[in-house]
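Over in TrEMBL, the protein carries these features:
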ACT_SITE  183  active site, proton acceptor
BINDING   184, 332, 364  divalent metal cation binding site
ACT_SITE  290  active site, proton donor
Ligand SMILES: O=C(O)[C@@H](O)[C@H](O)[C@H](O)C(=O)CO
């Protein structure tokens, strides 16, 4: 690296600051201008250098008083008067050093934000595009959001997820605030893991402690099971809820005997677990707390939701968000399935319950649900948290389908033929309905169509781990080729991400009133891949 030339770049930046100029005409165009930070006479920025392979290599440049510059790990450096100019990697040590200087590269709670959006980035290279889209939108992006399931299947660590998000925040100069979610944590071990990495939020997934048998019991069986409880428990539950109607906003929630007994037998274990995690982790670490029950096989009724929220409230617990399992199907990678009118009617009551107890609703598997975002945006007046994740991975697959269709055909074929790999991790239509495009019908000319087919999308959405970690003779079968294509086409990936997530938030924020209107406005009318 030509350090003398970099030193003149630093002096040019300082001169621009003194002259009150911006950084839009710097001599060195490898300086990524949004990353420039100037603090007194100290200067920090990220360099983008395109190497011979066509990959963008990123380096951190720091010009800081020599008495403190030792916090950073330099690849190379030089002294200049009382300062040190150094060039380093975007690694954990340098991220920690920067966080001492810029607190906003550390995640914050969603507590003070009305709108927040989960952007699970399975590959670790989507956050820059996301941040450029979220600037000035008034939505807190939860950039670091990978479930334990995704970490395990992708062979990633939460540290990697956290750092790739934090570096993107610095690089884009995004000081509005961002979140890091220990997503779908189910045990104390997983909660502790998320906390110790530095997550600002946990999504406590109660699936394992929710009793799903209760919902299938007859009234007699339910009553028999309920009457096995301690006398004082039964007295409390009956006195508090039986045949009671609770007013929440303009709505009401009524508890029949069935509602009460089903709610207790289904959720009381989960309530006690959530209360314990709250006591042992949320309070001590001042965590942003989300409770999710969206991956249970049965819908969360309005009485179920009220019961859960009220029992938390009695214990002095108010989550930031709660994720019931709403009416209808919120499956991975495809639009909402169900009666939208009934979805809206019940969402209104769920929203009233959330407002009554002081939290927001969280919409899980929120990606691609374009047909109900207008409803959610309009009904959730208290604000919303929408969580997407695998949908960004599919936009990376879109780059592959455009730039290396042969590779995409091979990946889809493998995913289709090995779909059983994920049968213990996900539940989706493509596993059973036999509608996914058959590999023998897919070729280099039509492989892109897989990403606009519901079942094809679900096959690719869930098989990310199998695809990226498959080896033959100790070599990765797809991973290295996948990354080679993606790194050479990061700009195209960023463009696809921007279009795709804009469709989500423009509908949620009411810019467009229907899925059709949003797609017509945002979906390219030509093959934009040819521009890259
Ligand atoms: O695949 C996963 O485990 C995640 O994408 C998870 O489903 C996601 O974080 C979520 O809950 C919202 O889509």
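One-based numbering along the chain as shown.
Note: Cβ is positioned from N, Cα and C throughout, glycine not excepted.
Structural mapping of features recorded in TrEMBL.
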residue : record                             : DSSP class
183     : active site, proton acceptor       : strand
290     : active site, proton donor          : strand
332     : divalent metal cation binding site : coil
364     : divalent metal cation binding site : coil
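The local packing around residue 364 (divalent metal cation binding site), expressed as other Cβ atoms within 10 Å of its Cβ over all shown chains, amounts to 25. Comparing the binding-site residues 184, 332 on other C-beta atoms within 10 angstroms of each C-beta gives the minimum for 332. Around residue 290 (active site, proton donor), the same-chain residues at least 6 positions away in sequence with a Cβ under 8 Å from its Cβ are 181, 201, 202, 203, 204, 319, 320, 321, 322, 323, 362, 385. Between the CA atoms of residue 364 (divalent metal cation binding site) and the residue listed as 'active site, proton acceptor' there is a gap of 11 Å, rounded to the nearest whole number. Shown in sequence order, 118, 120, 145, 146, 147, 148, 150, 203, 387, 389 are the residues of the chain, 6+ apart in sequence, with a C-beta less than 8 angstroms from the C-beta of residue 183 (active site, proton acceptor). What surrounds the divalent metal cation site, by Cβ distance within 8 Å of the Cβ centroid and not counting 184, 332, 364, is the set 147, 292, 294, 295, 365, 387, 389 from the same chain.
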